[in-house]
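Pasting a structure here, questions to come.
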Amino acid sequence: MTSVATSIKLITREEAELKRNNAGSFAPQTCSTDLNLGPWEFDALADKLGMPTYGPGASMADVAPKETPRQGQLPQEYKDATDEELDQRILKAKEVLGDSVVVLGHFYQRDEVVKYADFVGDSFQLANAALTKPDAKAIVFCGVHFMAETADILSTPEQAVILPNLAAGCSMADMADIDSVEAAWAELEKVFGTEPDADGKVPVIPVTYMNSSAALKGFCGEHGGIVCTSSNAETVLTWAFERAQRVLFFPDQHLGRNTAKAMGVPLEQMPMWNPRKPLGGNTEGELQDSRVILWHGFCSVHKRFNVSQIEKARAEFPGVRVIVHPECPMEVVDAADEYGSTDYIRKAIAAATEPTTFAIGTEINLVNRLANEFPQHTIFCLDPVICPCSTMYRIHPGYLAWVLEGLVESEVRNQISVDPHVSATAKIALERMLAAKP
Ligand code: 13P
Ligand code: SF4
């Protein structure tokens with residue numbers, strides 16, 4: 001069984017330093033000793049306790065929502081199989097299935113899984129990749145739950161979307177649930193009413209980050225709202241401000257704040273909404289004066305980045321280019337040279353013509369893959385601690401082999417099916433996003 005310490009090729013700040021100076025040594029650290037366990041150890045625990053659990057790593061402390069799907073136990077033969085046996089079984093199954101299956105891998109997925117993917121990309125690109133394969137009967141999504149839901153919404157009814165491990169959720173997506181958002185909406189309607197102003201703008205429009213449940217996308221579809229990704233958030237907010245006086249943005253406060261700030265919205269006009277407090281913890285006056293109401297969600301991986309890591313990188317590597325993801329806190333984005341989505345980061349590195357040192361603030365699997373792909377550059381993660389997205393980590397080749405071999409036997413395992421009504425309304429919000437052009 002492969003632990004994360006060996007599965008992730010350890011290219012950290014210290015290793016980059018070694019590469020540059022050929023001096024010093026480091027002991028790689030992980031954010032949790034549990035990362036040495038196989039994902040099925042957690043699934044077995046969940047099964048035994050009758051409770052949902054999240055994977056090892058940064059999200060361990062997060063509260064799992066009551067509706068979290070439970071994976072149940074992976075058959076023993078897959079747990080016992082060596083890496084080589086799993087490799088053979090996956091390749092064989094893929095060969096037998098041919099074009100009837102398409103395997104998608106998110107940028108943050110571990111290399112041992114990504115190597116079987118027919119497409120690798122960000123969540124938006126992968127949703128579109130599913131559309132380009134209408135003849136594939138099954139879409140095996142090696143990402144997290146909200147991505148598989150989006151693929152199900154956008155794919156044809158004949159296609160089955162499969163998530164190899166049902167416990168591969170997203171802790172940030174779970175920070176906004178439909179009940180809390182509906183309750184917040186009812187409170188906001190009491191404060192603002194529902195009538196448009198003299199310019200025809202409604203009081204508030206809901207905007208959800210792609211990293212959210214299908215139910216929230218459906219809520220946006222039903223309430224004149226829209227979906228955004230980290231690569232089109234500014235375009236989407238512009239679309240929303242053309243139609244509304246303000247925006248309710250969920251679940252990621254950081255993407256909302258960083259994007260709106262770059263568009264010139266003052267911080268005083270971005271109150272935070274805490275669903276456990278009346279009016280989200282705000283006064284009516286603060287809400288009336290707001291432009292963007294930020295849900296209190298965040299990503300456990302990206303909140304680990306801080307300004308001192310950037311200062312250290314600059315001190316050690318004069319001329320370093322610091323690029324971070326917009327899910328990082330505002331101070332980090334402000335201190336970086338650039339910020340952008342996973343695809344932006346990849347393109348920025350690919351476009352650099354001179355050997356460059358890059359310090360990157362995003363998930364470690366992507367950073368290490370970029371470091372391997374572009375050896376002419378020195379690329380390292382700003383966080384010296386190995387902390388992968390713990391829910392992506394739940395997808396292991398053992399689960400991939402299990403779902404693919406199921407398909408060979410005409411058995412669809414772990415299908416993600418969005419309720420048809422939710423799917424129809426969520427599709428409206430997704431299509432508004434696809435139609436919104438800069
Ligand atoms: P992308 O939308 O860039 O794929 O990012 C998804 C994500 O989960 C970032 O943390
Ligand atoms: Fe969710 Fe963060 Fe993982 Fe992205 S990196 S899937 S936001 S937990």
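Just so it is clear, glycine is given a Cβ too, placed from its N, Cα and C backbone atoms.
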For which of the residue intervals 56-75, 76-95 does TrEMBL record region 'Disordered'?
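When 56-75, 76-95 are checked in TrEMBL, region 'Disordered' belongs to 56-75.
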For the [4Fe-4S] cluster site, TrEMBL lists C299, C389; sort out which one of C170, C220 goes with them.
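For [4Fe-4S] cluster, TrEMBL names C299, C389; of C170, C220, the listed one is C170.
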Quick check: of H106, H145, which does TrEMBL put in the same iminosuccinate site as S123, Y209, M210, N211, S230, H325, P326, E327, T342?
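For iminosuccinate, TrEMBL names S123, Y209, M210, N211, S230, H325, P326, E327, T342; of H106, H145, the listed one is H106.
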So how many other Cβ atoms are close to N211 (iminosuccinate binding site), meaning within 10 Å of its Cβ?
28
Among H106, S123, Y209, M210, N211, S230, H325, P326, E327, T342, the annotated iminosuccinate contacts, find the widest CA pair distance and round it to a whole Å.
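Max span of the iminosuccinate binding residues, Cα based, is 17 Å.
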Under a three-state reading of DSSP, tell me whether H106 (iminosuccinate binding site) is helix, strand or coil.
strand
With the Cβ under 6 Å from ligand 1 as the test, give me the qualifying entries from the binding-site residues Y209, N211, C299, E327, C389.
N211, C299, E327
So how many other Cβ atoms are close to C170 ([4Fe-4S] cluster binding site), meaning within 10 Å of its Cβ?
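There are 25 of them.
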